[in-house]
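Beneath this line is the structure, given in structure tokens, with notes to follow.
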Amino acid sequence: MRLLICALLCLGTLGLCLALPEKTIRWCVVSDHEATKCSSFRDNMKKVLPAGGPAVTCVRKMSHPECIRDISANKVDAVTVDGALVAEADLPHHSLKPIMAEYYGSKDDPKTHYYVVAMAKKGTGFQLNQLRGKKSCHTGLGWSAGWYVPLSTLLPSGSRETAAATFFSSSCVPCADGKMFPSLCQLCAGKGTDKCACSSREPYFGSWGALKCLQDGTADVSFVKHLTVFEAMPTKADRDQYELLCMDNTRRPVEEYEQCYLARVPSHVVVARSVDGKEDSIQELLRVAQEHFGKDKSSPFQLFGSPHGEDLLFTDAAHGLLRVPRKIDISLYLGYEFLSAFRNLKRGLEDSQRVKWCAVGQQERTKCDQWSAVSGGALACATEETPEDCIAATMKGEADAMSLDGGFAYVAGHCGLVPVLAENYLSTHSSGRLGSKCVNAPLEGYYVVAVVKKSDVGITWKSLQGKKSCHTAVGTSEGWNVPMGLIYNQTGSCKFDAFFSRSCAPGSDPDSPLCALCVGGNNPAHMCAANNAEGYHGSSGALRCLVEKGDVAFMKHPTVLQNTDGKNPEPWAKGLKHEDFELLCLDGTRKPVTEAQSCHLARVPNRAVFSRKDKADFVRRILFNQQELFGRNGFEYMMFQMFESSAKDLLFSDDTECLSNLQNKTTYKTYLGPQYLTLMDNFRQCLSSELLDACTFHKY
């Protein structure tokens, strides 16, 4: 009986019982043709994989959405899909993750994206804004190229199948419900139950099928990947029979797709479970597969092609697979522009009546909740553990805004966020407060300084090696990027844990020498945390670290003056005078802390509020309104103070006079300026930012 059961299981999964489950990669296939190719994949991998390595089995399902659900349910392990289908599946948060991305172009210049184009026969005359009432062919319901991109371009937000069915006279949208929306399946060519099927059983399924629908004269317009056009029509003579419909309501030749497309979309991607997903085994399997059966290999079996049909297991146009950085989840992979269109179509327009501020750590969350309570519904709060987590949350639409130091602004800019307003500081204006003029006052930036105790007379900038150092946090301008960038220029090494004897650099590995001086907080888990739970976090925390344990501290230039001479009532600052400290100058001399203008490491941009492009104007309006109520001269200043905190620098810097206009510096590059960008670009190889790696994975 046990043998009979195993035999039946093996028939259902094409050999699942022949390998140990923990060594088996269960690949999901959606058609007989894919099952045939997958069987060849399995058999050929047996020849090249080492003994004891992962084995491939093939599991037949009816559609890619079913594959996605079954990966989440641990019934299969992997499939290559359009990332939008994962977002569409509405699975538990982060249950699946992208692990290997198809790339196009050369190995030296891989492109992990493609262009979605609207294609029509030459001479048909209509433009993109004249598609109402036309016949259309689509790759499939829920797919980027054939569904979300054209619908978000052509139809009002919140519209989906119903609106598409009324917009076009008739269509072929494989995977659609033909009973509920008969016009969406009217043009499909499948017979019987195969009509409008969610696999190659429907001849017009996928990008190749949607193009064939146009070639057969079935439709007036087809929405496809540009790659498919060049694969299916290798000669210019064939392509010259068609034209692309452009966003400016003109037409262009097919060759000009880079100037005439609807959207640029991330490539198809191999997905697996986020937990116990066999990620390493799948990546190793595909690495070996590419080495033996990849593009331009002479083997009869081809990973990116098949005699049995098009785009089986992988896209035929793919040149290879790239490992996706671990930080990237499906939201980061797809990007906020695509997700914005996706969310609008799926749920309708987002609620734009309030700003969701991202607080870093519990202390900031407490202040944010106080602000939210008096904001009149204009502000809500989200919480993350690090500034980079807040950047990621904002990209995904889980938060809307936060104030960032220049170092994190550099990361946010690479992730597609934009500056909205800048902090303008009291200390930069010799004449005192600017009042109502502050919002348009020049942004002067601040100095990054290296501070030592006056009594440590032997320490200079040139004798820091082996000393104990205090840093605001890893990734910040004043505490890390500027001083470590200068040290890197001198040593050529990113091993900063070997340069200093011990340090407190919040955000580092808690077990490294870079956290050896940190004090943590009430919870041992807060040791070296990249937020205010670490007592030595921030500029004031770095000064405290210097007072209690360190030899040198890196901070903003006003910090010593803000925490001495009775200005800070905390026990560690009691009795401190600003004369107790000195600045280290780059020429090896030292100066009083009041002379930062002539003795500093660099001048860097002020902190700035960052948001998504689609939310930036709204965030700006809300913050100006809140500032009128709770800013330095606000009408409700006694109820809540935006720029004062129970701890140091919560949500905003405590020395902020106001949030100011950017004065035409509306991109992260123009805001940060060429000098800071050069510093960061030179220092980039020393940046341990998984998010920066994730946001620069797609090379546009």
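In case you wondered, yes, glycine gets a Cβ from its N, Cα and C as well.
The disulfide partner of Cys260, as annotated in Swiss-Prot and taken from the candidates Cys213, Cys246, is Cys246. In Swiss-Prot, the cysteine linked to Cys470 by a disulfide bond, out of Cys390, Cys415, Cys528, Cys545, is Cys545.
Between Cys175 and the candidates Cys137, Cys196, Cys198, Swiss-Prot records the disulphide bond with Cys198. Recorded residues Cys504 (disulfide bond) and Cys515 (disulfide bond) have their alpha carbons 5 Å apart, per Cα-Cα distance.
Cys518 (disulfide bond) carries neither a helix nor a strand DSSP state and counts as coil. Cys137 (disulfide bond) falls within a strand segment according to DSSP. Nearest to Cys368 (disulfide bond) in space, judged by Cα atoms and limited to the recorded positions Cys58, Cys599, Asn664, Cys686, is Asn664. Residue environment of Asn664 (N-linked glycosylation site) contains 8 other Cβ atoms, counted within 10 Å of its Cβ in all protein chains.
For the pair formed by Cys599 (disulfide bond) and Cys198 (disulfide bond), distance between Cα atoms is given as 67 Å, rounded to the nearest Å. The DSSP secondary structure for Cys438 (disulfide bond) is helix.
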